[in-house]
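To keep things clear, I will list the structure first and then write my remarks on it.
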Amino acid sequence: MEKSTMSAILLVLYIFVLHLQYSEVHSLATTSDHDFSYLSFAYDATDLELEGSYDYVIVGGGTSGCPLAATLSEKYKVLVLERGSLPTAYPNVLTADGFVYNLQQEDDGKTPVERFVSEDGIDNVRGRVLGGTSIINAGVYARANTSIYSASGVDWDMDLVNQTYEWVEDTIVYKPNSQSWQSVTKTAFLEAGVHPNHGFSLDHEEGTRITGSTFDNKGTRHAADELLNKGNSNNLRVGVHASVEKIIFSNAPGLTATGVIYRDSNGTPHQAFVRSKGEVIVSAGTIGTPQLLLLSGVGPESYLSSLNIPVVLSHPYVGQFLHDNPRNFINILPPNPIEPTIVTVLGISNDFYQCSFSSLPFTTPPFGFFPSASYPLPNSTFAHFASKVAGPLSYGSLTLKSSSNVRVSPNVKFNYYSNLTDLSHCVSGMKKIGELLSTDALKPYKVEDLPGVEGFNILGIPLPKDQTDDAAFETFCRESVASYWHYHGGCLVGKVLDGDFRVTGINALRVVDGSTFPYTPASHPQGFYLMLGRYVGIKILQERSASDLKILDSLKSAASLVL
């Protein structure tokens, strides 16, 4: 056989094997209605017992809390306490169109999107619904940057990490259909040098790719709440409208979390205790988790004492090292209407991550979408090009606005661009956006045939015309900054937690959510946090199994001595 023929056969076999591997790793969900089977074990907190006991009490039914609960329920009794409502109360969260709609709805204290303004003066939001932020976000799904694992302070089992991603993906992650504006965006990224072209991939790699979505191809949202369906319904109970006010501690043997106090929507107090070998696991998110620890007396001693909060354990870094990835952007108003699209195409570089989507016009500003309420609104269809600074290195802190009421959101400050490396990365990212705007792919969307970044009808602050003027770009970055809604930190591994996510100095208390790391794990982090809940759940099951085997071996040894 000729060498050329043999080479061709080997190439075909290689591609075939790669396809099989790819298909096996990325076994994704199929389009379906949002699965509410879990409603059979979900209750309003008013219907829960005033005092109950469980193996595990999970505070927060969000992006990490739901997969964590489902996993632990495979063997143990689990109670999930979620302060928000069921998604069925707000059907608009279940559609792609609902992303903007829910940001537009006034916050009445019950809506799934809770509004807050950081002390930086930037509008922001957090989830207040079962499923957490995974049910109000833009639906972008990606696996984490693999480089974060070695720097995390956690001894990861990478085979288990990958298996856990698949567990999530085969239920709520979809390969998106082709969308016209996303195709234009992909062409522009490649023309602007964001290489290589990865095609469709869930992996975080430098270059341009189509990534996964938690919106299926009918526009139905899928989210963390559906992962509850993978649990053991006989062992799992979910309480909504349950505001956890404090963690209960005992001192024998050693400082130990023994349960929580929570109130239902009528203001009635309830207590949920954990059984022997059980745990309280806080998954209330970057804002809610450090807030609850502080209210429970776990935090900086002098600070807690100044608020007359009894100090249970001095933990100086609770509420510290709070980060938020800045979002800077450009909006263009094309001369002709464009169809609305969700984000499915990503441009990944070392220092910044970028994407674009197209939208219909609106007359009510979506809260947090633009830097402030005074930002101009689009009167026609528009395209939004966003750049996210990786990391970031800048950080702030969280403090209590109320020393007794968990329903009062705390003060947060992120100190955007206080670290000049972040500012430099923003400048580089926005220059890349300038290169995108200068591509042939985007010429049809100009209103005038002008060179470079000129010729577009820009909504809001325009990019500097001179791509070499770093000072002008720095000013642009500071003046146009908004939140990417990817805030994180406040209860870091290595500062507050050990490598198994246990709060150091306290038995039977863990934290599993976005408060645990000082950097964003990917361009869009929900994939990592969904994985994290399942991963830690499996690790806990393994710990319990190993402990039980050790006890059994001890009993066998004792019995053999007697005999």
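Quick reminder: no glycine exception, Cβ is built from N, Cα and C everywhere.
The shown structure was predicted, so the numbers you read here are calculated from the model rather than taken from an experiment.
The secondary structure of His486 (active site, proton donor), as reduced to three states from DSSP, is coil rather than helix or strand. Look at Swiss-Prot and you will find His486 tagged as active site, proton donor.
Neighbour density for His524 (active site, proton acceptor): within 10 A of its CB lie 25 other CB atoms from the protein chains shown. Positions annotated as active site, proton acceptor by Swiss-Prot: His524.
Per Swiss-Prot, FAD binding site is recorded for 63-64, 82-83, Val129, Thr133, 137-140, Val244, 485-486, Gly514, 525-526. A coil conformation is recorded for Gly139 (FAD binding site) in the three-state DSSP classification, outside any helix or strand.
Other Cβ atoms within 10 Å of the Cβ of Tyr484 (substrate binding site) number 25 in total over all chains. The substrate binding site annotation in Swiss-Prot covers Cys355, Tyr484.
Swiss-Prot lists Cys426-Cys477 with the feature disulfide bond. Using a 10 Å radius centred on the Cβ of Cys426 (disulfide bond) and all shown protein chains, the other Cβ atoms total 28.
The feature signal peptide is assigned by Swiss-Prot to 1-27, with sequence analysis given as support.
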(message) Tell me which of the binding-site residues Val129, Cys355 sits in the most Cβ-dense spot, judged by other Cβ atoms within 10 Å.
(response) Val129
(request) Count, for each of the recorded positions Thr63, His486, the other C-beta atoms lying within 10 angstroms of its own C-beta, and report the residue with the smallest count. (result) His486
